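Here is the structure we will look at.
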Amino acid sequence: MPPPPKRSSNNSNGGRQYYGESLSEKMRRLRKPVLVASTLVLLVCLLAFLCSSPSSDSVDSFANRKYAPGGSKSYVVIFDAGSSGSRVHVFCFDRNLDLVHIGEDLELFVQKKPGLSSYANDPKAAASSLLSLLKRAKSVVPQELQQKTPVRVGSTQATAGLRLLHGDASDQILQAVRDFLKDDSTFISKADWVTVLDGTQEGAYLWVTVNYLLGSLGKKYSDTVGVVDLGGGSVQMAYAISETDAANAPRISNGEDTYVKKMHLKGKNYYLYVHSYLNYGLLAARAEILKVGNSGSPCILVGYDGQYNYGGASYPASASSSGSSMERCRGVATKILRVNEPTCTHMKCTFGGIWNGGGGDGQKNLFVASFFFDRAAEAGFVSPNQPVAKVRPMDFANEAKHACETSLKDAKSRYPRVEEDNLPYLCMDLVYEFTLLVDGFGLDPDQEITLVKRVEYQNSKVEAAWPLGSAIEAVSSLT
């Protein structure tokens, strides 16, 4: 007997009821509407999740954390404790780690004299000397963000100030500053954030600063630029290398800095070759050059007879009886760099037996800073008013030849931008800079390099210096 026909009737809610259908038939009949409803629920949940999640930009940081809690701005306060004075930098970043204007400028910058080292016998007075700078910093950081704002105090190793104090005077001043910030500041402060920076830190921070301002962070390492920073006491080189070269880097003996520093910047891992050559800064090199030979120096301008003071010591500084000479001066500069000594035990070295990082794409574009820019501007082959200038190492050699052939008397009119105390050493400085680039770091004399003082960023010119790099590292640590 055939099954009875299914009957249906309308219920009071306008729905349709079926009689006599099996369970499997009922499931087949309801499958489509259930599937549609489930899909709609999933779409709604997915949409809600996307709306509530932070954007990829907001979590793209050194450690893949938000730059600013809740999407707000982040501030960082950096004190630069120099030998001649103290300076405070306040930087403001948005959630994408872009600099935000503070008033009309991209940073608050205030300086005062004297420096911390002037208070060698009174550490508390040294710390208290920062009070007016601290108040200026607090005036631009919103009160509700001050307890989330890191404050760091750094003195570079190349700076004479704290580094040359006798005994434990430097340590006592740094501890007094730590106590001062803990008791009198509403900013975040940690003991290891108040320190004398070593050369590798300074070099790494400058590399971060320059590549940040150029918009290179977050790109592959071959799209970044290398930096060379010539200070008074030391010179730093830093550039990104491949992971393979980093893995093959020479091992360092105990107590020495490693050659490679791993950094996570804007979602990218970078392997940064960085080395600081202590005592090879421009002012330290003068002393080393003057130690060579017992008579006058071929690097001193004719007409000068005096003393050069550096690092608490005094060195006779007078012109050679045969006059100054670019070639003979270069011979002395090459000697103090120990370029020809068989001290290299690695694959390839710069000078003094130091591994050069292997070269590569991260070094192909070099930005050189500090005394390189200053002497080029003073010698007149770049404009002091331009933030950057394209030059070749050979430009230093060409101007050195002219300077070495000029007497001290004539140099005063030929080089009006050079300070009187530096004028007798102009031949020496230019020769050393050329020798350092070509014989020391192995650059081709005709390779194009970029002298940098400031970098264009958001229609402003920002100084190429370590404080911004330190601030970027500090803001990345915010939780």
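Each residue, glycine too, has its Cβ placed from N, Cα and C.
These figures come from a predicted structure and were not determined experimentally.
TrEMBL lists E202 with the feature active site, proton acceptor. What TrEMBL records for G232, G233, S234, V235, Q236 is ATP binding site.
In this structure, the CA atom of V235 (ATP binding site) is 10 Å away from the CA atom of E202 (active site, proton acceptor).
Here the binding-site residues are S234, Q236; the one with the fewest Cβ atoms within 10 Å of its Cβ is S234. The Cβ of V235 (ATP binding site) has 30 neighbouring Cβ atoms from other residues within 10 Å, across all protein chains displayed. For G232 (ATP binding site), other Cβ atoms within 10 Å of its Cβ number 19. The DSSP secondary structure for E202 (active site, proton acceptor) is helix. Considering only the binding-site residues G232, G233, Q236, the residues lying within 10 A of the residue listed as 'active site, proton acceptor' on a C-alpha to C-alpha basis are Q236. Around the Cβ of G233 (ATP binding site), a 10 Å sphere holds 24 further Cβ atoms from the protein chains shown.
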